[in-house]
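What Swiss-Prot says about this one:
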SIGNAL    1-19  signal peptide
CARBOHYD  N118  N-linked glycosylation site
BINDING   T132, R136, V138, G139  hydrogencarbonate binding site
CARBOHYD  N135  N-linked glycosylation site
BINDING   Y451, H625  Fe(3+) 2 binding site
CARBOHYD  N515  N-linked glycosylation site
Amino acid sequence: MRCRSAAMWIFLALRTALGSVEVRWCTASEPEQQKCEDMSQAFREAGLQPALLCVQGTSADHCVQLIAAHEADAITLDGGAIYEAGKEHGLKPVVGEVYDQEVGTSYYAVAVVKRSSNVTINTLRGVKSCHTGINRTVGWNVPVGYLVDSGRLSVMGCDVLKAVSEYFGGSCVPGAGETRYSESLCRLCRGDTSGEGVCDKSPLERYYDYSGAFRCLAEGAGDVAFVKHSTVLENTDGRTLPSWGHMLMSRDFELLCRDGSRASVTEWQHCHLARVPAHAVVVRADTDAGLIFRLLNEGQRLFSHEGSSFQMFSSEAYGQKNLLFKDSTLELVPIATQTYEAWLGPEYLHAMKGLLCDPNRLPPYLRWCVLSTPEIQKCGDMAVAFSRQRLKPEIQCVSAESPQHCMEQIQAGHIDAVTLNGEDIHTAGKTYGLIPAAGELYAADDRSNSYFVVAVVKRDSAYAFTVDELRGKRSCHPGFGSPAGWDVPVGALIHWGYIRPRNCDVLTAVGQFFNASCVPVNNPKKYPSSLCALCVGDEQGRNKCTGNSQERYYGDSGAFRCLVEGAGDVAFVKHTTIFDNTNGHNPEPWAAHLRSQDYELLCPNGARAEAHQFAACNLAQIPSHAVMVRPDTNIFTVYGLLDKAQDLFGDDHNKNGFKMFDSSSYHGRDLLFKDATVRAVPVGERTTYQDWLGPDYVAALEGMQSQRCSGAAVGAPGASLLPLLPLAVGLLLSSL
């Protein structure tokens, strides 16, 4: 008995390793089952091996489950189903379909407009849209998914149909007539010549399918059509038979590109919304891909040409379309990199992520982390205000002791979201694996919340030096622990290897790197003397090097004054500092005569730049705050909630009973969000903490953090980096 069991085990193991002695193809309908059985018979009569068996499922999703459960082996799926099968069940694509020799195993989803219009990808809100059909790949899934993923379209509560109906100024989406939003989504549809079949997902609707969506645009019903890359060329320049297209010329239409530009309809390879992968045969990870391809390759060699007894790539005999394989398939090819991510490609993957929102799996609450009594009060009012407006998911407020405690609780799944500053975003991402879900946008002229850190010098050809020659120079800093004056420049110099602290003593290392400095601090008595050497105190010479306005070289303007008056050679300040104190903007005697053109910036690449070139020549950009969540949280639902909420509560003068970006009613500042916030914004492509913070800021931060010593930390989480240094114990520094 034991030998028989061992033999059976070996047999099953060999069967699994070799992909089994037969291939069980899963079908999703009766017609497909019939075609599969005919293909099985044709293969058998031709002597093809292994044997092909047919297993009938109820749908493509059901077939995927059967394959995962080892009750079937293979099925052909479209891109969206491949994504789900790979992500949820670990299936892999092994054989791809080829439709067009020019583009191979893919085609392209494009957005088409009339050349005479001024529509771009950034101005689609409010325009009229034409779609091939509801849930169609290029007409719905890709454009809607792309708009959501890029942050152009916000979706609350996973209600994609509602979001689209409110985003466009009317649409024709054949098949949307049975939805709650048919008034908007079917507004442009016309039906057939007798007015029948309006908004049907069938040829009864004249604007259905690729040609129909393009006709919707061509006839002026819509402003943009979401179609395939070949649609325009197939229906213009005399290539179309229907009368509506006889006079159309391809040169009268253009494509919308992802970067906001437009291009000729022939330039679809670089101007498109996404490359759409061809359908592919998927199997379990343990299935021999070579065996599957060899069987299908022998099959297509015998049964893909006219006159053969069985037609692999035709469904006409069964009264259906695209059974087992797409009817437009020219050939099947093996897939080299057998992962769903590689097959689908980044553009299509991003579009699918934008659509991955199941209302039935949406948590009823978003648990927000709060850190103080005033913040608890504001969060409670926010929860009530959101609930009254039926915003989803609802807000729950959960207290924590510190930003780091919030991060721990979010990672553990006990809390869902918290707004953090730049340094804490770095910790949340690097240590706890959190990701940004939304960010804060400050006013364009906001000089305290969004700025670049720059190194300013005098324009002097006789004494010109670069960032590589800072050693031995005299430096001016707004204050110890300030982001622009200390954390970023010192962190950058450490990261670049110019400053090399010993035994974590950054203060001494900075003092030795520069010849002399002015770095105002709260308690200069316990401080390296070289860091106060350039400070001058007040008009009477008192309060020298103190971290307040009594020191004339304190703050950004003070550090710039230190440079102006010749005390220092370089000033580390915000990019706005030069303009605040030159060209008549500062009437104080020391600044009244200054001109901005007399100052330059030191660039990290060793060059110098004009003061107005700060965006390209800076040490780092201070990032805005961001809402951080777990990676398994749907960031589009978080932003969708905040975006809908700010329409109601974002204006500080709104009459709806709550102000998202104002904390004055709670006797606090920057509660839940910074009070300077103008709007919550989507993260777009900045989906990791590194992307959000930017490489220069991360480098500076990590340069500083590399000097942390165990047991040296005394500051509370969220404080500036330098309380971790032995000589700075006890200093209370402001956060970013």
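Residue 1 is the first one shown; counting continues down the chain.
The backbone N, Cα and C atoms fix where each Cβ goes, and this holds for glycine too.
Features per Swiss-Prot, on structure.
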residue : record                         : Cβ contacts under 8 Å, 6 or more apart
N118    : N-linked glycosylation site    : none
T132    : hydrogencarbonate binding site : V138, G139, W140, P174, Y208, D209, Y210, G212, A213, F226, V227
N135    : N-linked glycosylation site    : N141, G175
R136    : hydrogencarbonate binding site : none
Y451    : Fe(3+) 2 binding site          : A484, K574, H575, T576, Q621, I622
N515    : N-linked glycosylation site    : G472, K473, R474
H625    : Fe(3+) 2 binding site          : T419, L420, N421, G422, I425, G439, E440, F673, K674, T677
C-beta crowding around V138 (hydrogencarbonate binding site), within 10 angstroms: 26
DSSP-derived class (H/G/I helix, E/B strand, else coil) of R136 (hydrogencarbonate binding site): coil
CB contacts for G139 (hydrogencarbonate binding site) [other CB atoms within 10 A, all chains]: 29
Any further residue of that chain within 8 Å (Cβ to the Cβ centroid of T132, R136, V138, G139) of the recorded hydrogencarbonate site: A109, H131, G133, T137, W140, N141, V142, D209, Y210, A213, F226, V227, K228
